[in-house]
Amino acid sequence: MSWIERILGRTASSSSSSKSKVPEGVWTKCTNCEQVLYSEELKRNMQVCPKCDHHMRFDARTRLLSLLDQGSAEEIAANLEPQDILKFKDLKKYKDRLTAAQKQTGEKDAFITMFGTLYEMPIVVASFNFEFMGGSMGAVVGAKFVRAAEKALAENIPFICFSASGGARMQEALFSLMQMAKTSAILAKMREKGGPFISVLTDPTLGGVSASLAMLGDINIAEPKSLIGFAGPRVIEQTVREKLPEGFQRAEFLLEHGAIDMIVQRKDMRDTLARLCAKMTNQPSPFKVGELIIEE
């Protein structure tokens, strides 16, 4: 090897070595505008792209903790874990899928429920975790939802649920479909007793979740451009063999057609929910009267 080859080789090796020292996860590409973003900046911005304002998927536990007053969160039914009652197997065993999802997310299932305060108002909050098997709804999700709703009823406080789900969990078959009726029944009980329920639909909210609890809020809110519907647009197009309208099943389309009540930016969600909770429970607003956005 000549002296110049040795220098060039050493330079290339040094360059390659320096590249390999960049820790994984430092940069994230926006799924909308494809800009490369600094992950820490994106985290500070609550997973909203600072370039195009695209609302990326948001970790369920982080979402709830950022909503509640610091130090006020108490988890509800944290001990519940899914069971493979049917010994279900598709390409993989269900129990193996559960183990992999639990290892990946650090959560026991696709749903987290908490009690805490929002601007010192006691509330119950819940969120689907899309990273856990697509946020699918099984028996544990249904059970935790019911426990959270019962807590809200017992304390006579608002219940807020963030949806991000592909629908019912196929590996639990009929047990998962039963959760649609189970969650709808407890919400009917809440409505009968005057308990406020606010549903926040995030991207995506589909299948059995959209056909049950997600659309049963006293107020239904969506994040911008969230995909909301029963079947996905590709499935519908293949079935009807027609091109769907522009923006079909997106939050803006649903708002225009009266299926949801409002669209709220993630950065404004906490204050908006606080105003709504105060209004719905006849409590003093946590803000100045002039800042209220709810019309009489």
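Even glycines carry a Cβ here, placed using N, Cα and C.
Marked as Zn(2+) binding site by Swiss-Prot on the basis of sequence analysis: Cys30, Cys33, Cys49, Cys52. For 26-295, the entry in Swiss-Prot reads domain 'CoA carboxyltransferase N-terminal'. Look at Swiss-Prot and you will find 30-52 tagged as zinc finger.
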Open item on the list: At a C-beta cut-off of under 8 Å, are there same-chain residues at least 6 beyond the zinc finger (30-52) that contact it? List them, or none.
Closed with: 58-59, 66, 265-267
Open item on the list: Using a 10 Å cut-off on Cβ-Cβ distances across all protein chains shown, tell me which of the binding-site residues (Cys30, Cys33, Cys49, Cys52) has the largest neighbour count.
Closed with: Cys49
Task: Neighbours of Cys30, Cys33, Cys49, Cys52 excl. site residues, C-beta within 8 Å of centre, Zn(2+) - done: Thr31, Asn32, Glu34, Gln35, Leu37, Pro50, Lys51, Asp53, His54
